[in-house]
Amino acid sequence: MQKTSNTLALGSLTALFFLMGFITVLNDILIPHLKPIFDLTYFEASLIQFCFFGAYFIMGGVFGNVISKIGYPFGVVLGFVITATGCALFYPAAHFGSYGFFLGALFILASGIVCLQTAGNPFVTLLSKGKEARNLVLVQAFNSLGTTLGPIFGSLLIFSTTKMGDNASLIDKLADAKSVQMPYLGLAVFSLLLALIMYLLKLPDVEKEMPKETTQKSLFSHKHFVFGALGIFFYVGGEVAIGSFLVLSFEKLLNLDSQSSAHYLVYYWGGAMVGRFLGSVLMNKIAPNKYLAFNALSSIVLIALAIIIGGKIALFALTFVGFFNSIMFPTIFSLATLNLGHLTSKASGVISMAIVGGALIPPIQGAVTDMLTATESNLLYAYGVPLLCYFYILFFALKGYKQEENS
């Protein structure tokens with residue numbers, strides 16, 4: 001079988017980004033689902049995101065080195081296999097009714113996503129040749145399609161089978177925990193199927209086809225890369241923090257049940273999908289850094305309004321932040337890795353480590369929310385945590401993205 005062309009390779013990678021989005025957003029369903037089952041505090045529930053995104057920090061550098069040796073195509077296949085393993089482990093985790101087991105399975109699942117992320121993002125940029133930001137935004141739009149459909153299927157398959165009330169017995173809680181078994185087992189099978197397809201496609205290893213550079217330069221000597229990695233840290237942290245507590249916020253402030261509240265996640269992540277498809281067109285006319293600056297500023301305004309105004313308007317404002325999140329990750333990534341040459345795979349590994357922001361920022365917001373709950377204060381004040389994240393993104397878009405003359 002001949003090697004796949006660049007266009008077909010880019011097309012096949014959309015399945016990778018779709019699955020990453022679909023699986024990642026299910027954490028936003030797991031948090032309100034497992035919180036009452038295991039009687040968790042907001043902080044303890046946010047450990048779901050801590051374990052999932054903590055894998056990025058622990059495994060990002062590891063996979064960056066591994067992929068630089070085995071190449072992007074095999075990195076993608078390896079990522080799908082590890083992801084399938086983590087998904088399959090949800091079955092015994094639910095059977096034994098162990099929150100710790102769930103967190104362990106999540107870490108393995110997330111390690112697979114880290115591998116896919118580390119291989120997938122630079123793979124797209126190297127295949128794009130001059131259209132890095134636009135093409136990465138386009139394939140990330142399919143990631144957003146996954147994050148849009150994830151809450152719909154997650155709420156239907158998980159919340160619809162939940163029968164637990166406030167005074168549920170241990171047997172009822174274990175039964176509700178098992179509602180995640182079949183959805184995640186299905187994801188395991190789908191991941192293995194994608195691994196087989198990617199292997200048979202024989203994707204081109206574009207990095208090995210690049211001419212070798214004669215000079216070696218430290219990755220961290222590129223300031224625009226360092227600022228960009230920090231930008232990814234704060235972007236993922238802010239986005240995940242808002243998504244993690246959106247369902248719980250709707251439940252608390254609007255007295256909605258979990259399944260009804262979960263539907264609003266569709267608008268949050270669906271907004272990102274619309275924004276990415278729109279961004280793939282507008283980036284032909286607007287400079288990526290200017291587009292990023294506008295979206296960061298818009299997010300700051302929306303979150304500030306939510307904190308100040310409160311009520312339904314606040315929650316709808318927070319939901320609309322998803323639209324402006326749309327182009328942030330691919331734009332920051334492409335600006336941070338521009339002109340890095342053979343350092344690109346290692347840079348991708350470091351950026352994958354920076355996604356640990358999704359592990360650290362939500363627990364901080366969770367701890368703040370617990371404190372506000374204890375003092376019967378406005379829970380929306382906790383959204384000041386992700387607000388600070390977007391201020392850094394604005395800095396990167398205005399100044400941090402600039403490359404030094406000799407880089």
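Positions of Cβ are set from backbone N, Cα and C atoms, glycine also.
According to Swiss-Prot, the features are:
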- 11-31: transmembrane segment (TRANSMEM)
- 47-67: transmembrane segment (TRANSMEM)
- 70-90: transmembrane segment (TRANSMEM)
- 96-116: transmembrane segment (TRANSMEM)
- 139-159: transmembrane segment (TRANSMEM)
- 180-200: transmembrane segment (TRANSMEM)
- 225-245: transmembrane segment (TRANSMEM)
- 263-283: transmembrane segment (TRANSMEM)
- 300-320: transmembrane segment (TRANSMEM)
- 321-341: transmembrane segment (TRANSMEM)
- 349-369: transmembrane segment (TRANSMEM)
- 378-398: transmembrane segment (TRANSMEM)
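Counting C-beta pairs under 8 angstroms (sequence separation of 6 or more), the transmembrane segment (225-245) reaches the transmembrane segment (11-31) with 3 or more such pairs. Note: the stretches the transmembrane segment (378-398) and the transmembrane segment (11-31) are not in contact (fewer than 3 CB pairs below 8 A, sequence gap of 6 or more). Panel annotation: around the transmembrane segment (47-67), residues 24, 27, 30-31, 34, 75, 78-79, 102-104, 106-107, 109-111, 113-115, 117-119, 236, 240, 244, 345-360, 362-363 of the same chain, lying at least six beyond its termini, place a Cβ under 8 Å from a Cβ of the stretch. Here the transmembrane segment (321-341) does not touch the transmembrane segment (96-116). Their Cβ atoms form fewer than 3 pairs under 8 Å, with each pair 6 or more residues apart. Within the chain, the transmembrane segment (349-369) has long-range Cβ neighbours (under 8 A, six or more residues past its boundaries) at 41-43, 45-47, 49-54, 56-57, 59-65, 67-68, 114, 117-118, 121, 219, 225, 228-230, 232-241, 244-245, 333, 336-337, 379, 381-386, 389. In terms of C-beta pairs under 8 Å, the stretch of 70-90, 96-116, 263-283 lying closest in packing to the transmembrane segment (139-159) is 263-283.
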